[in-house]
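Asker: Please find one structure pasted underneath; my questions will follow.
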Amino acid sequence: MAVTKLVLVRHGESQWNKENRFTGWYDVDLSEKGVSEAKAAGKLLKEEGYSFDFAYTSVLKRAIHTLWNVLDELDQAWLPVEKSWKLNERHYGALQGLNKAETAEKYGDEQVKQWRRGFAVTPPELTKDDERYPGHDPRYAKLSEKELPLTESLALTIDRVIPYWNETILPRMKSGERVIIAAHGNSLRALVKYLDNMSEEGILELNIPTGVPLVYEFDENFKPLKRYYLGNADEIAAKAAAVANQGKAK
């Protein structure tokens with residue numbers, strides 16, 4: 001049976017991951033640790049014999065720079081790359097920039113867990129005169145007002161990620177090309193939920209660690225067979241648990 005592989009990588013630790021802040025569409029860069037995580041992901045993929053024909057990422061530099069570092073370690077810096085806002089992190093609305101633990105102290109752990117992980121729960125909206133509104137950012141100049149979020153739930157994130165998967169990424173894989181996607185915790189959770197037909201309750205508990213390659217294997221009909229992380233299982237579990245704990249009061 002022919003097996004097709006897809007590699008997903010959540011960006012390495014960003015400066016705001018380090019500071020435990022809600023990031024969303026804010027364009028913050030990788031921390032030093034994040035750069036190291038991205039390089040380590042690339043080295044691991046090279047050791048495991050992976051190479052690619054095409055790459056996808058978001059329009060946010062923490063994902064773009066993660067992809068750069070991964071491809072550099074693979075000696076595939078020349079690889080064609082498509083950047084799309086549809087792979088951006090979920091928009092966290094008025095929470096963007098706030099410290100997660102301080103927000104949990106103010107509103108309670110459960111409310112913040114719902115804002116972070118609830119399937120259809122949207123954080124408080126931005127207003128259009130807020131400097132954080134994406135309509136003020138030139139990279140989104142060609143988007144309609146309807147496409148520009150004031151806030152997003154995971155359900156709304158799925159509404160943009162999955163059509164992009166079905167219309168753009170999957171056809172390329174079906175043509176025989178080997179694909180890597182460098183994106184974000186929630187845009188990747190959106191894709192995992194769809195591919196695994198995961199319940200709303202199941203996705204609530206899924207935490208994707210930074211800078212760890214996540215491999216999907218598909219059968220000849222492009223039905224997922226399995227998914228697994230590359231690397232040390234104990235270290236990966238600890239990183240995923242740390243992601244879950246970010247939204248708790250100190």
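Backbone N, Cα and C define each Cβ position, glycine as well.
Quantities reported herein were computed from a predicted structural model and do not represent experimental measurements.
I grabbed these lines from Swiss-Prot:
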- His11: active site, tele-phosphohistidine intermediate (ACT_SITE)
- Glu89: active site, proton donor/acceptor (ACT_SITE)
- 10-17, 23-24, Arg62, 89-92, Lys100, 116-117, 185-186: substrate binding site (BINDING)
- His184: site 'Transition state stabilizer' (SITE)
Asker: Any idea what the Cα distance is from the residue listed as 'active site, proton donor/acceptor' over to His184 (site 'Transition state stabilizer'), rounded to a whole Å?
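Answerer: Cα of the residue listed as 'active site, proton donor/acceptor' to Cα of His184 (site 'Transition state stabilizer') measures 5 Å after rounding.
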Asker: Whose Cβ, among the binding-site residues Gly24, Gly185, has more other Cβ atoms within 10 Å than any of the rest?
Answerer: Gly24
Asker: Can you tell me the CA-to-CA distance separating Gly24 (substrate binding site) and His184 (site 'Transition state stabilizer'), as a whole number of Å?
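Answerer: Rounded to a whole number, the Cα-Cα distance is 9 Å.
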Asker: State the Cα to Cα distance, in Å, between His184 (site 'Transition state stabilizer') and Trp16 (substrate binding site), rounded to an integer.
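Answerer: If we compare the Cα positions of His184 (site 'Transition state stabilizer') and Trp16 (substrate binding site), the gap is 13 Å.
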Asker: Please report the number of other Cβ atoms within 10 Å of the Cβ of Glu13 (substrate binding site).
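Answerer: Cβ-Cβ neighbours of Glu13 (substrate binding site) within 10 Å number 23.
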Asker: Compare the C-alpha of His11 (active site, tele-phosphohistidine intermediate) with the C-alpha of each of the binding-site residues Arg90, Lys100, Gly185, and give the closest one.
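Answerer: Ranked by Cα distance from His11 (active site, tele-phosphohistidine intermediate), first place goes to Gly185.
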Asker: What is the number of other Cβ atoms found within 10 Å of the Cβ of His184 (site 'Transition state stabilizer')?
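Answerer: There are 28 such Cβ atoms around His184 (site 'Transition state stabilizer').
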Asker: Counting other Cβ atoms within 10 Å, pick out the least crowded of the binding-site residues Arg10, Arg90, Lys100.
Answerer: Lys100
